[in-house]
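Here the structure is laid out as structure tokens; the discussion comes afterwards.
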Amino acid sequence: MAIRKSQVYLSTVNSYLIDSPQPSTINYWYNTGSLTGLCLVIQIASGIFTAMHYSSHIDLAFASVEHIMRDVNYGYLIRYIHANGASFFFVCMYGHIGKALYYGSYKSPRVLVWVIGVIIFITTMATAFTGYCCVYGQMSHWGATVITNTLSAIPFIGNDLVPFIWGSFSVSNPTIQRFFALHYLCPFILAALVVMHLMALHVHGSTNPLGISSNIDRLPFHGYFVFKDLVTVFVFLLIFSTFVFFSPNTLGHPDNYIPGNPLVTPASIVPEWYTLPFYAILRSIPDKLGGVIAMFGSILITLVLPVTDRSVIKGNTFKIFSKTLYFTFTYNFILLGQLGQLHVEVPFIEMGQIATFNYFTYFIVLVPLVSTLENILFYIGRVTTK
């Protein structure tokens, strides 16, 4: 027997990365998972080297970032890789989530994979938020102030919870230091969650675009899908390198090159682009508590999909109504992202409220309604063809 199969640790690697049977019909959208894993490795590696030269003291945080950029050998490269890596991490993650929504990867028997994936997404958002605050530029300070202040809407404990998180009566030195500690810790929690995600996936294997059982036609992972993944890895590295070397600040905000000043409020407080859809949902609800519930609910509501999607056919490949609904939802999500960076004024307020209503309607009403309708049409078609 080959050593990769007989040795305890190598046999585990073999079962996941070499002999793992994969559906022969999976397409390039399934590569977003491996790209997201690559981004996590890049972020952990670049983050460790950045942390070697970073100071989390509020008086030194901004200066230490400039020190990394100007004085550390290749510090500018490490910092730009880490900053742009965060954006590309979310690009790949949103693509991975979009693939799962389109191909029905959340349906039984892969519900656990989906639930762990949602937990990974929430943890990633927390990691990104705490990291964004560590720079302590003007947008970092006010972003931290606004987002943490939303927790004051929680009944009974909200007003005590916010100073507890800050460690003071405002965003100050204890806040930045504890945010940095959490930011350093969270990626390793993410890595553990990713391992759990892969373990849950390994039980039943990947889905496929056809939405049918692929047990009769599978191929080993190594040799076929390793090289298929490498194609998108090289394309990803090409695009990623273009941003890092030629346009490193495109995905950032210019106000964050101004040191954080609690006495000067920016013209508009805009978080990082990957949080904008949820920020738009937060702003669309006039009531503060309602906005906070809607923002967190917009992520947690994805957990109901395995229940609300009643379709007997996995995925949207052969379902025209679900496919149309999916692309409408995608457009609505992008619209929320655009509205999140605009000023709170007419007509953007009303547009945000309509887009927020459409977002929740998709999960609660449209998915069960359309999937039930398609089931009826499917059964009618099956009876008439007999």
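Heads up, the Cβ atoms here are built off N, Cα and C, so glycines get one too.
Here Swiss-Prot flags 32-52 (among others) as transmembrane segment.
Long-range contacts of the transmembrane segment (76-98) within the same chain: residues 29, 32-33, 35-36, 39-40, 42-43, 46-47, 49-50, 65, 68-70, 117, 121, 124, 128, 131, 236, 240, 243-244, 248, 251-252, 272-274, 330, each at least 6 residues beyond the stretch ends and with a Cβ under 8 Å from a Cβ of the stretch. Marked as transmembrane segment by Swiss-Prot on the basis of similarity to another entry: 76-98 (among others).
Around H82 (heme b b562 binding site), taking its Cβ as the centre, 22 other Cβ atoms fall within 10 Å, counting all chains. According to Swiss-Prot, the feature heme b b562 binding site maps to H82, H183.
The Cβ of H96 (heme b b566 binding site) lies under 8 Å from the Cβ of T32, G33, L35, T36, G117, each of which sits 6+ residues away along the same chain. The feature heme b b566 binding site is assigned by Swiss-Prot to H96, H197, with sequence analysis given as support.
For the transmembrane segment (113-133), the list of distant contacts is 86, 89-90, 93, 96-97, 100, 105-106, 140-141, 143-144, 147, 171, 175-176, 179-180, 182-183, 186-187, 189-190, 193-194, 196-197, 200-201, 271-272, 274-275, 278, 299-300, 302-303, 305-306: same-chain residues at least six beyond its ends, Cβ to Cβ under 8 Å. Here Swiss-Prot flags 113-133 (among others) as transmembrane segment.
The annotation transmembrane segment is assigned in Swiss-Prot to 179-199 (among others) on the grounds of similarity to another entry.
Secondary structure at H202 (ubiquinone binding site), taken from DSSP and collapsed to helix, strand or coil, is helix. What Swiss-Prot lists as ubiquinone binding site is H202.
If you look up Swiss-Prot, you'll see 225-245 (among others) marked as transmembrane segment, on the strength of similarity to another entry.
For the transmembrane segment (289-309), same-chain residues at least 6 beyond its ends with a Cβ under 8 Å from one of its own Cβ atoms are 101, 104, 106-108, 111, 114-115, 118, 121-122, 125, 150-151, 153-155, 277-279, 281-283, 356, 359-360, 363-364, 367-368, 371. According to Swiss-Prot, the transmembrane segment annotation covers 289-309 (among others), on the basis of similarity to another entry.
Swiss-Prot lists 321-341 (among others) with the feature transmembrane segment, giving similarity to another entry as the kind of evidence. Here the transmembrane segment (321-341) has long-range neighbours at 98, 101-102, 270-271, 273, 275-281, 283-284, 311, 348, 351-352, 355-356, 358-359, 362, 366-367, 370-371, 373-374, meaning same-chain residues at least 6 beyond its ends whose C-beta is under 8 angstroms from one of its own.
Annotation source Swiss-Prot lists transmembrane segment at 348-368 (among others).
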Near the transmembrane segment (179-199) in space but 6 or more residues beyond its ends, with Cβ under 8 Å, are 16, 37, 40, 43-44, 47, 51, 54, 56, 113, 116-117, 119-120, 123-124, 126-127, 130-131, 133-134, 144
Under 8 Å Cβ-Cβ from the transmembrane segment (225-245), and at least six residues away from its ends along the same chain, one finds 17, 22, 26, 28, 31, 34-35, 38, 77, 80-81, 84-85, 87-88, 92, 219, 251
Around the Cβ of H197 (heme b b566 binding site), other Cβ atoms within 10 Å, all chains included, total 21
Least Cβ-packed of the binding-site residues H183, H202 (other Cβ atoms within 10 Å) is H202
Spacing of the two Cα atoms, H183 (heme b b562 binding site) and H197 (heme b b566 binding site), in whole angstrom, works out to 21
